[in-house]
Amino acid sequence: MSAGNALTRSAPWRGTAWVMGKLGFSGRSLVIAIPMLWLGVFFLAPFFVLGRISLAEALIARPPYTPLFDRAPDGSLQIIASLENYRFLMTDALYRNAYLSSIRVALVSTIFALLIGYPIAYYIARAPEPKRSVLLLMVILPFWTSFLLRVYAWMGFLRSNGVINNTLMSLGLIDSPIQMMQTDFAVYIGIVYTYLPFMILPLYANLTKLDGALLEAASDLGASPMVTFFTVTLPLSLPGIVAGSMLVFIPAIGEYVIPALLGGPDTLMIGRVLWDEFFSSRDWPVASAVAIVMLVLVVAPIMWLQSVQNRREEG
Amino acid sequence: MRGWFLPLAVAFGFIFLYAPIISLVVFSFNESRLVTVWGGFSTRWYGELLRDRQILGAAWVSLQVAFASATLATIIGTLGAFVLTRFSSFTGRLLLTGMITAPLVMPEVITGLSLLLLFVSMEMTLGWPAGRGLPTIIIAHTTFCAAFVAVIAQSRLRSMDESLEEAARDLGAGPVRVFFDITLPVIAPALVAGWLLAFTLSLDDLVIASFVSGPGASTLPMVIFSKVRLGVSPDINALATIIIGFVLVAVVIAGWLMRRGMRQGE
Amino acid sequence: MSQPAIAADTKPWRREGARAFISVRGVTKRFDDFTAVSDVDLDIYKGELFCLLGESGCGKSTLLRMLAGFEQPTTGAITIDGEDMARVPPDRRPTNMMFQSYALFPHMSVEKNVAYGLLREGLAKSEAYHRAGEMLRMVKLEKLARRKPDQLSGGQRQRVALARALVKRPKLLLLDEPLGALDKKLREETQFELIKIQETLGVTFIVVTHDQDEAMTLATRIGVMKDGKIEQIGEPREIYETPNSRFVADFIGSVNLFEGTVEAVAPDMMRIETQGLGPVLLPPQGGLTRGQQVWGAVRPERFALSRSKPENTPNAWQGVVEEMGYIGHMSQYRIRLANGVLIRASQSNRLRDEDPISWDEQVWISVQPSAFRVLTQ
């Protein structure tokens, strides 16, 4: 056996190493380029198109909007762009109300999700091991089933001749069905139901990290369980509360399906307004403007908040 | 939080989570057309469902889309995660970080609308994609699913002992070899979990698909939505029961894989 | 190739003009604005077992990673066996590394782990597995060849990592805290096993460790590092007996330090005036001039304790035993001198039934002139 196979090859591999270095370098760029190009074309570029069309006017044509560049009558190239759509959004109360009511609905739902989710997360975090895993799986399981069908399940529950009304009436608690479908109440239920696991999981992750000795220390120092909860557990679980609330609030605010299926005609939510503007009115430029405003007013602050939070967690 | 309050609140929470699903399954075996009135046990709606060409066709479209986009999303998401965790500095790093996480918080209506507008303007200027259908849905789903895969892959790559890769380099393997010999096998369970997540997300999506699909390419959620809008119907209950059954099996497999992956990662 | 001589016997670094096998010249490594390694020069000879010793963050691991090729020096050059290592990637270097975490591939069996490097050399499968088997026999793990790493104990994993790094017969083996993850007893056994393997194979070892006992036991020479610089290089005995700075004296073992100035230098004797001990007489050391600021260093075991005034040394003081700790083979003392200075001393317990000096006793504490080491920095 020679002293080192690597060493016997020492002379020729110098050249190869150089070539490999070159190849490795270009291989590296290729690896970077694939996700970069895909996301650049199919995620980033669409927003520029969106912004550009939001400056156009609606036409009855294919495509149903005016081009950005056009030949003026004298043959020179001119740019057609107007802020007309944005002015329209500002002046029409419908859109302002839709934005505000989206935020309201998302906020109320988030609070309810927190109130329902916190005890569950707390209970699971304190449960002994085999029970804990089973409960956790039970929280996650509905999330994996079809979202649309879970909303659909509530339709069967909340209808005037649905399960809840039938049960209450057969028990003699009410004489006539309660109107629950097509109300804001139904929308709250739908959102809380759909996004509850997103609230519970971060809370659970946070609460399991809570050192049990802290609670023992608090009670040793004379705090009642109630006082311990409000002075130790709750403040320490704040990061979990923030994370869970974000995970519910963010998707809720742009929600379309839940208000469309469970809400009434007066349940205004911005996702639904955008959808109707696009599919019913076929006004692409206004729909684009709605999307841009939504992006600026809702998505940008959330992304900023998240990056701040991420940085704080890393630091 | 002791005593009666906590167990009661938890019981209420779980009833809230499961009652609708259970009633959905129960009433799928109902003889009566009225979804909420029990008319005796029957599998009649399953039979009807299997004769519904529209639903079967849509299910086939959805499965194709989900399979293709989950696979593509796993490739792109994994590459993105790999680049972000292993290459310390390169131009556009910040941009890539943003582009890979932003789809997670982007409302579906915006993603759907903006992609549709992109496809329309690409068709006008480049002539591709000619019309919309399967390929455009697959592209759209790949893009937003890649973000989810990237999150999973990134956390696995971060927790992976980097000296494993260095050890392989040290023993004479080039960078590409190291990726296929070491990195990929070690993170494989996470990638399978990511693929399954992407697959379900794609199967589940209604909003984005509605924007970017064209005539003749309706996914299952699109067909369900158009039926459900008109009111409850028992064959949808039957469909829901079948999907729940599938998901249960998939979740058990995914959970098993993840647990195995975690054990390997230690 | 001839059987390499046993490294500990030859000491090539003592020979004038001996050719260094690994040479590090002016190597600096900066990460952004942090300098991890700063202008290091180092020669290591064939067959050595060299220990880089220092606290965490002193740059020893970065230096090791530069030798392996995982980091590129910002400036300076590394040559191994006369070959410049700049631009040579880790997979093309004649070095192998044993990682602190062992970095065993979790999805491969023990045997596959060990054969991995041989297969990358282009060896035929049968040959690679044959050699892997031989190496596993050497580390006494041949029975566990088909196990996965997570089915092994910590000590077994450590031996697999060693086998995997050695099987390619590297010119240089780099070991990053090789025994750090083992418990104390196993660590001591493994130290000698490691020396035996190194002597058998004649491979040059560079070991990074923060454990001074480990470095003293293993090394032919030690390089003590601090803040990215090498403070002192020398054989274990040199480092312990003649440290060149207060840092090294304090880092290796424990030491009493007394600040003082040189009072008189005569051909056969010199006197320094220390703040804690007053005048001390000791043999002259080169390079010292009158009035120079110095520190006197005395190891605790160099002090002698007695109940009567010792006659054999001019350096003796009276004090009271303030603390005493019985450890078994030795006892540790803290003696308070009349001027309030506290001195650490230790005495070995040779006799079973002697009457040991104990708490609150008035004792004489003395030191031989030659046991006093004068440091200038």
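Cβ atoms are placed via backbone N, Cα and C, with glycine included.
TrEMBL labels come from automatic prediction, so no person has curated them.
Here the structure is a predicted model, which means the values were calculated and not measured.
The transmembrane segment annotation in TrEMBL covers B:5-29 (among others).
The transmembrane segment feature in TrEMBL is assigned to B:55-82 (among others).
Look at TrEMBL and you will find B:59-254 tagged as domain 'ABC transmembrane type-1'.
Counting only same-chain residues 6+ beyond the ends of the transmembrane segment (B:94-122), those with a CB under 8 A from a CB of the stretch are 77, 80-81, 83-84, 128-129, 132, 136, 139-140, 143-144, 146-148, 150-151, 205, 207-212. Feature annotation from TrEMBL assigns transmembrane segment to B:94-122 (among others).
Look at TrEMBL and you will find B:134-157 (among others) tagged as transmembrane segment.
Long-range contacts of the transmembrane segment (B:178-200) within its own chain (CB-CB distance under 8 A, at least 6 residues past either end) are made by residues 66-67, 69-71, 73-74, 77-78, 82, 141, 145-146, 148-149, 152-153, 155-157, 160, 164-165, 168-169, 247, 250, 253-254, 257-258, 260-262, 264-265. Here TrEMBL flags B:178-200 (among others) as transmembrane segment.
Among the features that TrEMBL reports, transmembrane segment is placed at B:206-226 (among others).
Residues or ranges marked as transmembrane segment in TrEMBL: B:238-258 (among others).
The stretches the transmembrane segment (B:238-258) and the transmembrane segment (B:134-157) do not meet in space: the count of Cβ pairs below 8 angstroms, excluding pairs fewer than 6 apart in sequence, stays at fewer than three. Proximity of distant same-chain residues to the transmembrane segment (B:134-157), defined by a Cβ-Cβ separation under 8 Å and at least 6 residues beyond the stretch ends, is recorded for 61, 64-66, 68-70, 72-74, 76-78, 80-82, 84-86, 100-104, 106, 111-112, 115, 119, 183, 187, 190-191, 193-195, 197-198, 201-202, 205, 208-209, 211-214, 217, 219, 261, 265. Sequence-distant neighbours of the transmembrane segment (B:206-226) (same chain, 6+ residues past either end, Cβ-Cβ under 8 Å): 54-55, 57-59, 61-62, 65, 108-109, 111-113, 115-116, 119, 131-134, 136-137, 139-141, 144, 236, 239.
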